[in-house]
């Protein structure tokens, strides 16, 4: 029933009062403004301070809870595109929903790769034959009766070879030069390479192909779990190969397998992983030239000769590339003041086998962060900015899930993404390792001071974190080895990557199980607690601090350091003056913004004008990273847009920054004259200088 109220009237004349009408309109305007800008009722505004939220978050840590999450996640293998991977997806969805977090998924149709058959045998000069095992002797299945995938290299072409074997050390170009110096050539041979030396497995296969090999065998030269086989992919680049640069949504454009843009992503010779034990059987059968002296110091295998032969290898691999469905999962916590600004926390969910370390230690941490944030929400807290929890699929096939999502959401990520916080393998062993874009260095240091060290009683993580120089041992994000790559290197989003332990001996093998983690990786699960604490506190600061905790002075110092290193590699024909001037301008702008941030933080009084100033400053802090992007990308690899952090074309390059400049320094062509080479280097220096100028302009926030 609608009740009709009588008109307001003047008590004396009975007519509407002009003053009353004006006041009523003014009140309605004020109410309308606050309804528009502050849509939540007062009870939704966080009553607790940011420090209280941090205290509650840290106090709700539970190592036993994370352990139980990890046990559930590792009950069976969950390779992307398989039925069991779907079960793990539902586990994550159900967990988010059980916490009353709004949850949704995105689905993509992408090209995946699986093995069908493989075999390898040794054929000795006396006619005897030795068939070699190509899978782990145990853990061939689990309590569900589902086997782990046989060892293989995803996207390897099928093929067979009957040829002599040659040991090529790490498979670097200088290793092939060392062999040629001894008169050893690998053309027409099956090469055996060990992991390490700075090359990924894909680059090992590529170098072997360039040197004329017909097949490649790759092993890990560790001291423990020597019967484990390291699975992995050998595709170039990231993302779905059938949709390079755009999202592989259902019904969208997809290139054919015979398209040159697709085929160039895959090697042309087949490859397989070997265990260290099987590799030693092969290598011990070799004769010919002795192992070069410079290789011997780091060899765990008892290799005496490099071949070729005389033993013959009969190699065969059959696999299939097929289109499959992958699914990303998201949980959203909407911010109360700036719901259109997002702090993203991401971990991939798929694994080659049981994946206790890679990636389920990170997935367990993500589930625990969801639990702890849910507790905060229940206490009345709501973040100032929105938080998005991301569970990616098909990372092991080349960061496909995260890349497709970034490509699909690129236009919204630009103005809305505050930062991306990545945890892949949360725990691999002892010791904290962090990578980031430099404006987040100070925040990382402050957060580690608040989290208990998992291996030392009464100390913080920071207390035992190896501090080297001014960079606090923080690495940079130029590699392409986890889901931060599309965010930092393609979209220009400030990013962090966090993990405990440099590496682990059961990487991508069937031994990466809950039992290994509970016995060796983190028996008390306190390292998991530490990573979860660091990850969560980074998110809370980025979501709740009124002024974003970015410090571009750190970025300026890093750029200056890179310029100094570069000056030692260049001759007098190349000028660094454009780079020098752009860095000086950037450093000045960074100092001005830092001073502005400090002043605004001191203004405790709230108000529309102060809020607008903070918002405008935060916009500049967010957008500056995107200045380092170049629309044309790296030469020949246009998807990589970042001109400060990105992978050099040559993984053996001495320069791990300014990837465009690094490429121009290592590029060698018989058709290129010295003058053209110098001009190309100078052009790349100018490109970086212009990128730094764009970042400076973003920090200033003014038109020229």
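Cβ atoms are placed via backbone N, Cα and C, with glycine included.
Curation does not apply to TrEMBL; its annotations are automatic.
The stretch that TrEMBL tags with transmembrane segment, taken from the ranges 21-40, 41-60, is 21-40. In the domain 'Transferrin receptor-like dimerisation' (574-700), helix, strand and coil residues by DSSP number 82 helix, 4 strand, 41 coil. Restricting the average to the domain 'Peptidase M28' (328-515) gives a pLDDT of 95.
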